[in-house]
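Scroll down for the structure; my scribbles are underneath it.
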Amino acid sequence: MAPSISRGLLLLAALCCLAPSFLAEDAQETDTSQQDQSPTYRKISSNLADFAFSLYRELVHQSNTSNIFFSPMSITTAFAMLSLGSKGDTRKQILEGLEFNLTQIPEADIHKAFHHLLQTLNRPDSELQLNTGNGLFVNKNLKLVEKFLEEVKNNYHSEAFSVNFADSEEAKKVINDYVEKGTQGKIVDLMKQLDEDTVFALVNYIFFKGKWKRPFNPEHTRDADFHVDKSTTVKVPMMNRLGMFDMHYCSTLSSWVLMMDYLGNATAIFLLPDDGKMQHLEQTLTKDLISRFLLNRQTRSAILYFPKLSISGTYNLKTLLSSLGITRVFNNDADLSGITEDAPLKLSQAVHKAVLTLDERGTEAAGATVVEAVPMSLPPQVKFDHPFIFMIVESETQSPLFVGKVIDPTR
């Protein structure tokens, strides 16, 4: 009799909770090739960026009329961790689908780099609140391979929990409670249902809360039009302020580029295309341009209008990642024997959810008043009143934490 297939479950959760600031710096032209690439975690930052762009373009291909928001950091961490328990073509597909070239970087270096990157992101002394977590939920009768347990704990700081998957409601509650606690209540009931033959669950979350150095004044926020498309306009609370910004117009992208730094090591990059140029922006934007923007700051005065918004994205990663070449792990040919030798496993579900809130001050009130000098000449008005793209990156490594596209800030 052929062995039955038990199913593993992979869940991913991500949160971004923003409180705006501005930090302007003068910078000269810098060769991006001169960056210090010595730390271990820098070995994978370029791969993470490649994966972020690949996944973004796949999401645009599926729908160019919907908001997009996801955490490439969360997704790659979870699947890289899963690869530790995979073998043969299953492992090769996962790592190559995550944009790792195994002829250029040894697999051991990939996991070592994730280990150091997670340590960097979770620094307790950082002014930025950025926490990641990885949870392994194992059926109480399932025996995991000791080497797998050891490697995911050492490299990915994961926790292991014994769960009775025969009681699907209780198992679902344990998993959802873990995510809700890790994201400080921002993501609840992530897991709507469990397949009846689930015996293993892998959960990743990322929680981010950043504060702008110079918050917008809430008293200046006014309702204004946001042009979703040529025929659709919605009313949104529009923040505004006059000041000095890291901002310039990029003719290559036909877009305004705005960079806003957080207290700590993170930067938000917003790209506002000219009317009718969104597709051009999406086709032309590269990781090298992003790197150049971060290194070559251009400070100018402007009157900035920016919408308050709260968006989220929930994605079936089985569909998305299959389009990027990761297929075997989801079918009966999957080789996950590095996780358990008790029974064949395959990945039955892969869910990713990310949430973003952006407002004047964020979740913590700002008590400081900031006064800054601006040139006497009339500064330009830059209005983020139509669809735009943004990324939030960890400044030291330029690793993409979150990627998004705002089509309609009211949805």
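From the backbone N, Cα and C atoms, a Cβ is placed for every residue, glycine too.
Just so it is clear, the model here is predicted, and its values are computed rather than measured.
Swiss-Prot lists Asn64 (among others) with the feature N-linked glycosylation site. DSSP classifies Asn64 (N-linked glycosylation site) as coil under the three-state reduction. Residue environment of Asn64 (N-linked glycosylation site) contains 14 other Cβ atoms, counted within 10 Å of its Cβ in all protein chains.
As annotated by Swiss-Prot, N-linked glycosylation site applies to Asn101 (among others), with the evidence given as sequence analysis. The secondary structure of Asn101 (N-linked glycosylation site), as reduced to three states from DSSP, is coil rather than helix or strand. Under 8 Å, Cβ to Cβ, and six or more positions away along its own chain, Asn101 (N-linked glycosylation site) finds Asn47.
For Asn265 (among others), the entry in Swiss-Prot reads N-linked glycosylation site, with the evidence type sequence analysis.
Summarising the annotation, Swiss-Prot assigns phosphoserine to Ser33 (among others) and lists similarity to another entry as the type of evidence.
Annotation comment: Swiss-Prot describes Ser377 (among others) as phosphoserine, evidence class similarity to another entry.
Per Swiss-Prot, region 'RCL' is recorded for 367-386.
Annotated signal peptide per Swiss-Prot: 1-24, in sequence order.
When other Cβ atoms within 10 Å of the Cβ of Asn265 (N-linked glycosylation site) are tallied across all protein chains shown, the result is 19. Asn265 (N-linked glycosylation site) carries neither a helix nor a strand DSSP state and counts as coil.
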